[in-house]
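The domain 'Cytochrome oxidase subunit I profile' annotation in TrEMBL covers B:36-438. The transmembrane segment annotation in TrEMBL covers B:32-54, B:74-96, B:108-136, B:156-179, B:191-212, B:227-249, B:261-281, B:301-321, B:333-358, B:378-399, B:473-506.
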């Protein structure tokens, strides 16, 4: 609320005490908070692992080759995400659109894979209510999938902004922050892939 | 809050409307919100599972009806609101300080707000997850906390206290911040050992994460865990003790003015110290085993939360009421309020130490006549009635003073921090131009005072962030969306649509 | 949290790596993922499976955080805001597993 702010119309241009952008700082604090969220979910999964007497058990249903592919897809979407950021930072509108769409499509591939996986488990007899593995697995990966879905919606929103020419270099931060979210969702999957799928 | 960060750039946020209510840290407003939440008692029955809601009392089997559902969904919504407010405070405090307002020149209340905000953003996700599990158990039939499904009900206790212990510091640290502002003003002395007060606040914030299992000694954690959590719990008493000695040293040799705000701050120190001492007693697992689930613990929590947090909040209300409204609270009624509170509070809660050690269990509404609890309980009952009456004195004082209180100038107490340089009540822009800060108590230094007063002069148009209804729409959407879990999809789906509409319109609103 | 002067933009805040570096990191990430899955299938690795997988995924995590999320290039405050909760959560996970008697 400063007179000095008159000459700076964009919110990014406000002088700040640290010289850092406020939105980006808030987003990092948010990701710190998200660590605690996923950490609690993962701890619960690990605490309850191996307590089930009734199946299906993880080693009976988890499909490592398939999930490795999903993990790879999500990893590649992180690459396309940073390429989208590099494009928007250089004012390359065409590249921005291509890489944003590619990231969103890879994210949708991941979600489709998760839908397939969940359906498959369902027919293998693993439901949310089956046993502790069912409870903890579906809630943990389900919340991760929800995060990916939110990210996909966010990416398509940015894509629409780019299509309508509303994503110039000055708004690169919008893409950068969406990217932070996307990469965070990716690193959470890195942790889940190792702790849930590979270490059974 | 707004007045204590005067001189700091404010981030765009609405001063009124639903969003401001949902993100409020103003205790009056929080009180009103609790009242609204209490409506759920009539809509779905009370969530009669105690405040820590141990599983599996909360399962559908033992808690049928919607009471626990309302409680859980309400806490989720409150959690979202607290998180939003905490992110806002963190960034505002770190990034939008006045020029020269170094971190170590910030008022202690702002510092404690910063620590509290960090505790909120780290502790609330844990309870969110625990409540998600509970809601899944109740709505979908999972068995996160159902022992017959192989689950361990202790998981709830761990997750709850992982949140719950930081939460008690979320409650007490702001009160400690308030007291650290009130004491120097009415002692006419700067806060003794300001950096140490700040560092011990930060240390308490960190240590608050390593003590959660001391609420659970009686479940049998094993000698290693018992020793670890006993040790950390005893350690955390040190920074708290350091603060108390700093406050006492602030008073030492000061020119003490016993205004009502000061009385409450002094009451805080006395009562919180007593609560701290009983807390220290059940840091020891063997002693704790004797005290768990007795009235001794009830006495302890009331000395730290009523004697601590509530006395601190009252000190803050008497201290900043003139700044907020431009009028004094009546001092005579205030002193009656203070002494009535002080006496009745001790009358209510001190006997609980004795009946607790005699073995009277908490949460059991009755006892047989020959247990020796009678006299003590009679005293507690009289004290509780008096305590209620003392709050009524405050309510009368509050309403009267808002209507026809004595006008207070911009600086009724001769305070040292920046908010006392701007008019009361403060203009929405706080300072017309932002002053440069050169010390911890700028108004107690000649050049600091002149600079701050000069910053009130309007020298041209003042840029104010535009107000927006979209945050309120999003907040309503979130509330309906989550309420849909109790009421059904016909509430949830419109909530989802409203939320998305609010968020998108908010995000794409033109920035001016 | 260190103290900063109001006017100074922290140096290098926006000096992010380019497409080439991003591609390089992606190759490394892919290789590590392949190694992880391979390790999972090699019977000889059984005894060391857990530590090896934990280290590999930690490396992947750090690479993404440092390069794709630019923590290596951005202001240290951002790293603090993220890494402190990470460490806190890791300690809590270890503590909880210990309390529930896993190992």
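Note that Cβ sites are derived from N, Cα and C of the backbone, with glycine treated the same way.
Annotations in TrEMBL come from automatic prediction, not curation.
Beyond the ends of the transmembrane segment (B:261-281), by six or more residues, the same chain brings 172, 175, 178-179, 182-183, 186, 234, 237, 240-241, 244, 247-248, 287, 291, 296, 299-308, 311-312, 314-316, 318-319, 335, 338, 341-342, 345-346, 353, 413 to within a C-beta distance below 8 angstroms of the stretch. By the Cβ criterion (under 8 Å, sequence separation of 6 or more), the transmembrane segment (B:108-136) is in contact with the transmembrane segment (B:191-212), since 3+ such pairs are found. Averaged over the domain 'Cytochrome oxidase subunit I profile' (B:36-438), the predicted model reaches a pLDDT of 93.
With a cut-off of 8 Å between Cβ atoms, the residues of this chain six or more beyond the transmembrane segment (B:191-212) that come close are 104, 108, 111-112, 115-116, 118-119, 122, 158, 161-162, 164-166, 168-169, 173, 176-177, 180, 183-184, 229, 232-233, 235-236, 239-240, 242-243, 246-247, 249-250, 252, 440. Counting Cβ pairs closer than 8 Å to the transmembrane segment (B:473-506), the top stretch among B:74-96, B:227-249, B:333-358 is B:74-96.
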